[in-house]
Structures are given as C-alpha cells and as structure tokens.
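What TrEMBL says about this protein:
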ACT_SITE  HIS57  active site, proton donor/acceptor
BINDING   TRP17  substrate binding site
BINDING   HIS47, HIS51, ASP53, GLU170  Zn(2+) 1 binding site
BINDING   ASP53, HIS158, GLU170  Zn(2+) 2 binding site
Amino acid sequence: MTWIDISQPLHSGIPVWPGDAPFQYEFTYTKEESGSVNVGQVQMSTHTGTHIDAPFHFDEAGSKVNELDVNLYIGKARVIHLPGREKIKAEDLMEKEWGGISRLLIRTDSWRDRNVFPEEICHLDPDAVPYLKKQGIRLIGLDVPSVDPIDSKTLPAHHALWDAGIHILEGAVLDNVEEGIYELMALPLPILGGDGSPVRAVIRPVAESL
Ligand SMILES: Nc1ccccc1C(=O)C[C@H](N)C(=O)O
Ligand SMILES: [Zn+2]
Ligand SMILES: [Zn+2]
C-alpha cells in the first residue's frame with residue numbers, strides 16, 4: 001500500500017491564525033548569485049498548516065516540542081468521520097468502534113475552504129476527553145486548526161487532553177479519507193524549547209486483521 005499525504009502544502013498564501021506570522025519562503029542565495037546552489041530560508045509560525053502542539057503552547061510547565069516522544073507520532077491510527085457537527089461529544093465517539101489503537105484522527109469536514117482561515121470549526125467537547133482516555137488514546141488529530149473553538153481563550157479541550165496525557169495534531173487534510181485503520185507518521189521537528197512544530201503527516205491503510 002502506498003502512503004497518502006495528509007499535510008497542507010506550505011506556501012505564502014497558506015492561512016494562519018489571525019495576527020500570526022505569515023509563511024514565507026525566500027532565497028538566501030539563488031544559484032545564479034552563489035554560483036553553485038539555490039539556498040532557501042523559511043519563516044513561519046509553529047502552528048502553520050498541519051502541525052502538532054507541544055503542551056508548552058498552552059501550559060508554561062508543559063513539555064517542549066523536543067521533549068516529546070517520537071513514538072507518539074508513528075504507528076497505527078484509527079480514522080473516524082464525524083461530519084456536520086458543531087462539536088464532537090462523547091456520544092459521537094461511543095458510536096464508533098474502538099480497541100487497542102492509541103492514535104485517533106477525526107475527519108470533521110468542517111473547514112471547507114482551506115484557502116481561508118475558518119471562522120467556525122467543529123471542535124472537541126472537553127467532556128469527551130475522559131472517554132478518549134478510557135479508550136487508551138495518546139494522540140488525537142483533527143482536520144481543523146484547533147481542537148477548541150477558534151475564539152476560545154481558555155482552550156479547555158487543549159488542557160483537558162493534556163491532563164489526560166493526549167497529544168494534539170491539527171490541520172490534517174482528511175478529505176476523501178475513509179474510516180478505518182491506518183499507519184501514521186507525523187514527526188515534529190526537534191525545535192529546542194519549541195511550543196509546536198509543522199509536520200509532514202502521511203498515512204497508509206492497514207488490513208484490520210493485521
Ligand atoms: N497561533 C496562534 C496565534 C494566536 C492565537 C492562537 C494561536 C494558536 O495557535 C491557537 C490554537 N489553539 C492552536 O493550538 O493552534
Ligand atoms: Zn496549534
Ligand atoms: Zn492547538
């Protein structure tokens with residue numbers, strides 16, 4: 001089975017949080033200038049596109065991105081589809097199949113035009129977190145820029161997840177991805193002291209019986 005890219009392409013027009021640093025790629029030297037090589041430089045927010053949040057993003061005492069276990073971001077993941085909701089509640093999760101898979105990707109389809117930063121998204125009800133913890137979830141990924149409502153200042157879902165030891169992946173592209181079991185790779189960069197990192201996230205289906 002081939003790997004499927006579930007990452008947003010990075011370009012100067014990629015929407016970012018209102019007021020956050022825009023993505024920029026430019027040449028430090030072009031081949032013509034240097035005589036030998038093109039060399040680029042990138043400026044971006046750590047929360048651009050498909051990215052993970054380190055707990056330090058919302059908790060001064062939380063782990064930094066270089067302290068996170070790489071094993072969280074590689075391995076079996078379940079994809080579930082929960083479209084057309086204002087928020088994801090425990091009852092929605094209870095309707096799905098569970099069992100032994102510690103990574104969960106939720107396709108909400110609630111960020112329709114990825115060229116524009118969304119005003120409203122389907123978010124995670126913090127009351128659903130104990131259920132996720134009970135199912136042994138350690139990583140949750142959504143197809144929206146935040147697990148909380150866009151205008152949230154208190155970030156209750158971020159905090160509830162972290163209190164339950166569940167790590168966060170945001171901005172995955174799950175259009176056309178069917179429910180099922182996949183392998184996931186979405187490694188953050190080892191940015192020392194970082195609050196988050198862009199990731200290249202890929203999945204590939206695995207047979208349920210494996
Ligand atoms: N980058 C920002 C700039 C300003 C205000 C919030 C953010 C966020 O990133 C918050 C969001 N809850 C996030 O975890 O991605
Ligand atoms: Zn983030
Ligand atoms: Zn976040």
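Including glycine, each Cβ sits where the backbone N, Cα and C put it.
Mapped onto three states, the DSSP output places HIS57 (active site, proton donor/acceptor) in helix. Other than ASP53, HIS158, GLU170, the residues of this chain whose Cβ falls within 8 Å of the Cβ centroid of the Zn(2+) 2 site are, in sequence order, HIS47, ILE52, HIS57, PHE58, SER146, VAL147, ASP148, LEU155, LEU161, ILE168, LEU169, GLY196.
The binding-site residues recorded for this entry are TRP17, HIS47, HIS51, GLU170, and the Cα of HIS47 lies nearest to that of HIS57 (active site, proton donor/acceptor). Taking a Cβ distance under 6 Å to any atom of ligand 1 as the criterion, the binding-site residues TRP17, HIS47, HIS51, ASP53 reduce to TRP17, HIS47, ASP53. For ligand 2, the binding-site residues lying close by, meaning a CB under 6 A from one of its atoms, are GLU170; the full candidate list was TRP17, HIS158, GLU170. Within the set of binding-site residues TRP17, HIS51, ASP53, GLU170, ASP53, GLU170 have a CB atom less than 6 Å from some atom of ligand 3. Considering only the binding-site residues HIS47, HIS51, ASP53, HIS158, GLU170, the residues lying within 10 A of TRP17 (substrate binding site) on a C-alpha to C-alpha basis are HIS47.
Using a 10 Å Cα-Cα cut-off around HIS158 (Zn(2+) 2 binding site), the binding-site residues HIS47, HIS51, ASP53, GLU170 reduce to ASP53.
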